[in-house]
Amino acid sequence: MKSPRRTTLCFMIIVIYSSQATLNLNLESIVHPSILRGHEPAGEEPPRHKRAVASSSPAVDEHTVDIEISFENASFLEPIKAHLNSLSFPIQVNSTDQVINILSIEVTTVCRPAGNEIWCSCETGYRWPQESCLPHLTCQDHGGSPAGNHCSCLKGLPPKGPFCQLRGADVTLRMSVRLNVGFQEDLRNSSSALYRSYKTDLEMAFWKGYRILPGFKMVTVTGFRPGSVVVTYEVTTTTSSPELMRKANEQVLQNLNQTYKMDYNSFQAVTSNETKFSVIPEIIFEGDTVSLVCENEVPSSNVSWYHVERRSDVQNSSRFWIYTSVLNNMTSLSRFTIYNITQGDAGEYICKLTLDIFEYEARKKINVTPIRISANEEMQVMCNSPVSLNCCSDIHVNWSKIEWKQEGKISIPGNSETDTDPRCSKYTLHANEVQCLSGSAGTPVVYTCEFTSAHGARGSKNIQVTFTSVANLIITPDPISVSEGQSLSIKCTSDVNSYDEVYWNTSAGIKIHKRFYTTRRCPNGTESVLTVKTATREWNGTYYCIFRYKNSYRVATKDVTVHPLPLESNIMVDPLEAVVPLRGSRHLKCCIEDDEDYKVTFQMDSWFFPAAKEVNGKQVCYKYDFTANSVFQCPKHVDVFCHFTNAVNNSVRSTSMKLNLVPEMTIMCQDPVIGVGEPGRVIQKLCQFSDIPSSPGGPAGGIITYECVGSQWKVKRNNCISAPINSLLQLAKALIKSPTQDKKLATYLKDLSISTGKVENEVSSFPGSLGAIINILDLLSTVPTQVNSEMMTHVLSTVNVILDKPILSTWKVLQQQQTNQSSQLLDSVERFSRALQSEDGTSLCISQTNVQMKGMVIRSGHPKSYKQSFVFADSDLWGNVAIDNFQLENLQTDSSIVTVAFPTLKTIIAQEVQGENFTNSLVMTTTVTHNITMPFSISMTFKNNNPLGGLPQCVFWNFNLANHTGGWDNSGCYVKEVNEDSVSCSCDHLTSFSILMSPDSPDPGSLLKILLDIISYIGLCFSILSLAACLVVEAVVWKSVTKNRTSYMRHTCIVNIAASLLVADIWFIVAAAIDDHHYILNETACVATTFFIHFFYLSVFFWMLTLGLMLFYRLVFILHDTSRSTQKAIAFSLGYGCPLVISVITVGATQPQEVYTRKNACWLNWEDTKALLAFIIPALIIVVVNVTITVVVITKILRPSIGDKPSKQEKSSLFQISKSIGVLTPLLGLTWGFGLATVFPGSNAVFHIVFTLLNAFQGLFILLFGCLWDQKVQEALLNKFSLSRWSSQLSKSTSLGSSTPVFSMSSPISRRFNNLFGKTGTYDVSTPETTSSSVENTSSAYSLLN
C-alpha cells in the first residue's frame, strides 16, 4: 500500500460481485485509479465468499472486495461519488469463460489532509474495528473513543488490518410499500392462494433487490392492509445508507412484475436499534427537572418526540423544551427537557429521527414517583420532656437537602440531627415548664420536614405536636394485703381526663382483661378501679395502672400480697350429713390440698374445739371426734363447721356438717365408712370419703347419696366425678379467677380433650363426670378471648366423646338428677363458635363422629354464598344450611359464620323435654362472630326420619324459656317445603335449629285449617253484630224493663255480659291478625292482647256468676232486702274486680320469665307455665256454681215452703224463667270445655271444630237467650214498633191476665220462639210489689231470670 502522505485524497470502495469462476476484474471501464489493491477483512483470505445461491445452473458465488483509490486532487471525490451513485446495478462484466455481475459499489473510508496530519473517517454505516481505535490514533473531538471501543476517525491509515467495516449489529428494518391495485379480502387470509401468490412474488423481488445491501440476511413479507394494497415486510441487514437503499428499492421495482403497480415513492423504513435513549435522573420524583436525550449517528436534525399515553406530539412550551443539534455533521443529538414533572407526564415517550425513507425510532417509559415521607402525623408531648420527631422517605435516595420548619401560635424550636439512615432526618425539641405555663400547654404546633432532591423535587410532611402537662397519677396509698377468697380493689386516679386508653398490666407485662376493671371520666380527672371479687394466689404481685394519650404513657404501680387461705369450695368435709346415736361418737374431718400452716378449729353452736392435723400425701386433713353426751336432747339437729385461720388472722369457714342426734334404739343401718342411720334416712357424702374405689389420679369429686333400706345402706344417687375430670374441674374454676385466663385457655382445652378421651369408660359409668365436663365447657366458654381452629378442635373432640351413643344412657340418668344439662352444653358450643377466628383461610372444617363443624370467613368482596352440608352415615342423618349472598353483604368483613351439627343431641334433649313430639333429626346451630344489626334469613334442610307422621314444625332452641332452662320455640321460623325424606325450613334469626312433629295441630294449608278460619271469622262477625244488637235493644227498652230493683240488676248483668264479650271478640280478632304472620310476634302487642282477652272473657263468666248469685239471693234470702247501690257495688266488684285481680296476678307471675303468652299465638301459655289454668279454673268453677244454682232454683220451685206454693201456671212460668241461666251457662261452659280439650296432645279434630263453632256464635246465644227471650223485652219492643191494634190487643191480654202467646200466633217469629222453647202462654210475674214480702222477692227472682 502506498503511503497516504503521497496523495492529496484517497478513498476505499467495497465491491460486491457474483461470478461462476475466480475473479479477474477490470475496473478501467468504471474508474481509473492510480492504485488498485484487494483488501479483505482481518482473518479472511481474499476474495471472501459471501453466499452461494442454489440454482439449476452452476453455483453462483458472491464476493466482497475492498479497493483503495488515491487522487492528487481532492475535488475528484464528489464527482466519483456521484458517478458511483448514478450507476445502475447489476453491472455485467464479460470475461472469456464466465459472467460477472457487480451488485453494488459503496464508499467506506475517506482519508483527507488535516494540517500536517491525514484523518481517515468512515462513511455512514461503517466504523473502524476496535483494535484500530487506540487513543493516540483517534482524531480529537471527532469520533474519539476509549481504547477497546469502536471509532469513526483515525489519524492516518492503519499500516495493516481492514478498512472501515460495516457495523456488526444486525438491523431489522420494518418497511412498507404501496401497490396501486385494488385490495381484496383474501389478502387478509394468510392461507388463501392470493395471499401466497403475492407473498412469493414480492419476496422474490425483495430478495433480488435488497441483496446488494451490506450484511443483508433475509427479507420477509409480514402482511397486507388496505390503502390500495400496502405491503408490510421486514429486512434484516446491517446499517445501510439512504443512497444504497434507494438503489436496492430500484432493483426491487425492476425485478417485480409490472402488474403489481408498485409505487416507488411509497417506500418507508423504520429502524429501532440505531438510537441511544437515556433519561436523567434514573429515579424521577414529582417536581424534578428531567432530561430525555436521544442520540443517533445519523446526521439529521429532523427529530420529533411523541407521548404515547397522550397520543400527541410534544411541542415546546413553558414546561417542555426540545433542542436538537448535529455534531460534526455525523451525530444527531436531541434533548427533551421536562420542568417540574408531574404524574400526568409519566408514560412512554418515542424519539423519532426521519431521514429520507428511514425512520430511526427509540422508546423509553418513565415513571414519576411522588415523594412519600413517613412520620407520625400527630404526637402528644409532655412538657419538660425531650422528644424527637422523625421523617423518613420511602425510597433510598441521597437527598440534596432536608429542612425543618414550624408553624403555630407559639415557637418551640428544636435541633435538626443527621440520622444514620440517609433516608431519614431527626428533629429534637424540648418544651420546658415555662413554655407550657406561658400558654403552650394544649396548643398544637405544626412541624414540617421538607426533602429536596438533586433535580429540584420537593416533598414535605406535617407533624402536629400537642404539648400537654404531665398527668399525675395517684394510686391506692394503703398497702394491699388480702387472703385468698377475699376481694381486693385498687383505685388509680389522674388529674387529666383526656386519654386514649387506660389499662392494667401484671408484673409479667400481661394486659389484664377489661372484665376486671372499670374506667370513668370525672370532672377533675379520670378514675380506674381494678376489682377482684375472689383473690387467688395468682393475684400476688405488682400491678401497673397505665394511662396512654397518643404515644405518651403515665404509669403507677401497686404491690398486692395475697396470703394463702383455702377457698370455701376447696374445703372437703366429712360427713356432709350423719346420724349420731345419743351417747355415741362420730369422727369429723376437714381436708384441703394445701400444706400451709393454718390454725384449724371446729365450731358447734358457740363452742370451738381444736383439731388434730393429719397429712396423707398432698392432702392435709384436720380431725375431731364428736361425742353426743347427755347434754343433748333427742332428736336434735347440730351444725358443725371447721374454721381455717392463716398467719394474718383471716379465716374461712367450711360448709356445715349436719349431725342428727337420734335414740340409739332406732339405728338399723351401720357401716364403718358411711356411718349409722335409721330406716328411711337419706344422707349425702363426698365421693372421696365414700366406699367408691378411688382412682390414682387424685381424689374423686362429686356427691353420692345413700338411703337406709331395712338394715342396709343403698346407693340412691351416684353423682361422683372421676379423679382426672375432677382435677380439671378444679383447674377450670381456678382459671376463670386468674388474671391471665385467656393465655391459659388453649393449653387447658388440649388437656381436657386428652383426659376426656382417656376416661370415656368412666364418663359412661359416672353421670357426675359427664355433668362435670359440661360444667367445665360452660365455664371455659365464658373466658373472653378468641378461639382458633386448634382450640375449637379440642372443644369438639371433648363434645364428641360425651355425645357418643354409648353415653346416651348416662345422659338419661344425669337428666333425672340435674336439669338443663343439654341446654347448657348447646349454649357453651354456641359461645365457642361465636369466638372462633380463622388464622389463614376462608374455610373452616372439623369433623368428628358425633359432631361436625363447617364455616367460612367473610372477606372483602366475597362473592360466594354460604352453603354447608352435613352427613352422618352412622346415624343415617343429613342436613344442609344456606345463606344467600346478599345476606352476607350485611356482615362485617372478617366475620366468621360457623355451623355445628349434632346427630345425637336431639335424642338427649328429648329425654329432658317432656310433652314434645320429637322426630329423629339433626340439631344444627349457626352463629356469627359479630352482632347482626340487619334482618337476617337462613334456610335449612333436615332429613325427616319421622315414624309417627304428622305436621313438621321448624323450631329453634330458646334459652330464655322455662325459667331460662330452655325449650323449643318456633317464633320466626316456618316450613318452606315438606318432601318424603326432607323438611325445608326458613328462619329470620340465628341459633340452634331442628324440627318437631305436631300431629294434633291442623296444617296451616289444610282444608280443616281453612274451614276453621272461615267459621271463626264469619262467626265472630255474627257474634259482634249480635252483641251490638243486644246492646241496642237494651238501650231501647231500658226504661220499660228496669222499673223495679230486680229487673234493673238482671238487665245490668246482661248488658255487661254483652259488652265484655263484644270487647273480647274484638281483641280476639286483633290476636288472630298478629298470629297470621310468620314474623316474630310483636311482644308488647301480643302481651297486651292476651291480657285483655283474658280479662274480658273472665268478665263474661263473672257477670254470669253475678246473675246466678242474684237469683240465689232472691230465692233463698226472701226476707232480706238490699239497696240497689249495694247490689251494684257487689256486682261490679265481682264482675270486673275479680277478673282484674286474676289477670294481673297471671301476667305478673309469668311475664318476667317471658312465659306469659304462647310461642306462636297471642293467648295464655300452656306448655311452659300452664297459665291457661288462670282462665280455665275460674270459668269451670263458675259453670259448676251456676248449674248448681239452677238445680236449687228448680228444686225450690217444685218444693216450695208452706204458704209459698205456686200454682200450676206459676210453675210453668218459673220453668221458663230458669231457662235463661240454665241454657247460657252450660253453653259458655261447654265452649271452653272443648277449648281445654284442644290443648292436650292427641285431641281429635272434632274438638277443634266444636270449639270454633261455639266460641264464634256466643254473641248470638247472648242475644237470643239473654235478651230476646225476655217477655218484658218482647212486650217493650212490640209497644214501640208494632201498630196500635197490636198494642191494644196486647194490653188487653195483659190486663186480663189470660193465657196468650208471647207474640201473636199469626207472627212467624212468635211461632218460631214459642215452638222452640215450648211456650204456650206467659204470666206476668214481675208485677208491682204486693204486701207480701215473700211474694215480692220470689217474683223478683223469677223476673231476674226471665
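Glycine is no exception: its Cβ is also placed from the backbone N, Cα and C atoms.
Region 'Disordered' is the annotation TrEMBL gives to one range among 38-57, 398-417, and that range is 38-57.
Sequence-distant residue pairs (6 or more apart) of the transmembrane segment (1014-1041) and the transmembrane segment (1246-1269) include at least 3 whose Cβ atoms are under 8 Å, placing the two stretches in contact. Of the candidate ranges 1053-1074, 1129-1151, 1171-1199, 1246-1269, 1171-1199 has the most C-beta pairs within less than 8 angstroms of the transmembrane segment (1094-1117). Ranked by number of Cβ pairs under 8 Å to the transmembrane segment (1246-1269), the listed stretches 1053-1074, 1129-1151, 1171-1199 are led by 1053-1074. Here the transmembrane segment (1053-1074) has Cβ contacts under 8 Å with residues 1016-1017, 1020, 1023-1024, 1027-1028, 1030-1031, 1034, 1081-1082, 1085-1086, 1089-1090, 1092-1093, 1096-1097, 1099-1100, 1103-1104, 1106-1107, 1110, 1131, 1135, 1161-1163, 1258-1259, 1262-1263, 1266-1267 of the same chain, all six or more residues outside its ends.
The predicted model assigns the domain 'GAIN-B' (842-1003) a mean pLDDT of 77.
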